[in-house]
Amino acid sequence: MTLDRDAASHVAEVLSEALPYIRRFVGKTLVIKYGGNAMESEELKTGFARDIVLMKAVGINPVVVHGGGPQIGDLLKRLSIESHFIDGMRVTDSATMDVVEMVLGGQVNKDIVNLINRHGGSAIGLTGKDAELIRARKLTVSRQTPEMTTPEIIDIGHVGEVVSVNTDLLNMLVKGDFIPVIAPIGVGANGESYNINADLVAGKVAEALKAEKLMLLTNIAGLMDKQGQVLTGLTTEQVNELIADGTIYGGMLPKIRCALDAVQGGVNSSHIIDGRVPNAVLLEIFTDSGVGTLITNRKPR
């Protein structure tokens, strides 16, 4: 076999750059929210599974939380169930909740588990109902206009927020060399099911586990300034300033607040990374430059 010296040299450089990061993160827990384009491209799905397996192989403990909004929308359409959204949240009546559980807890979760296992990992699929992994309550949504004397309370059905996370279960699985893959479905005090935003679940899981990192895969290059340049490293104080001056707005706000809350809740750093980039997770962890925006209380990169 002919040795391509340039290729071999490049591999050596990559490994050399990665080694200090591998040493730093051995034994640490990283929570990765998996969604967006990274779940739709076969090449990116395979790359993600391989990245997760590699992380586990070098002694890092990945915990995956996944979304699945497009897949839910597809099945609802096929079943002739109309979708409604309020402030970006899917109104979830009983029929819609049944579909959410089928898609997230069944199809999507098991596809991810199967893909990781096919590439040499030991993934195990969970929803928040397993061993009451994610205790939840109904999310209250209100609106108020200048003409209103009191806020209007809007019922969006089985949409929830996280009350608590069963860390004993997750720690047991991690210590057993399993890779937890979590569907963002919570369970209420009376056993009722709740549809919860996957970013929020990932953030709360990261906080509860005191994870080293929270990584949110997105369909953008990272958090950008007003000139469209990616901001690679920010402190929590700088993020709050960008929210206040309107640089961060609209649909990006909930994701950024989730990342911010995680850091303020004890996670060492949050990362908004471009899930469209092959091997984005590894590039963000193991290279000097990364592929997104890092948010931390420490001096940014």
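In case you wondered, yes, glycine gets a Cβ from its N, Cα and C as well.
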Joining GLY68, GLY69, ARG90 at the substrate site recorded in Swiss-Prot, out of ASN195, ASN219, ASN240, ASN268, is ASN195
Cα-Cα, whole number of Å: GLY68 (substrate binding site) versus LYS255 (site 'Transition state stabilizer')?
16
Sparsest Cβ environment (other Cβ within 10 Å) among binding-site residues GLY68, GLY69 belongs to GLY69
Taking the recorded substrate site as GLY68, GLY69, ARG90, ASN195, identify the other residues of that chain whose CB atom sits within 8 Å of the mean position of the site's CB atoms, giving them in sequence order.
GLY67, ILE72, GLY73, THR92, VAL100, VAL103, LEU104, ALA198
Under 8 Å by Cβ from ARG90 (substrate binding site), counting only residues of that chain that are 6 or more apart
GLY69, ILE72, SER83, HIS84, THR96, VAL100, ILE156, VAL159, ASN195
Specify the count of other C-beta atoms within 10 Å of the C-beta of LYS255 (site 'Transition state stabilizer').
21
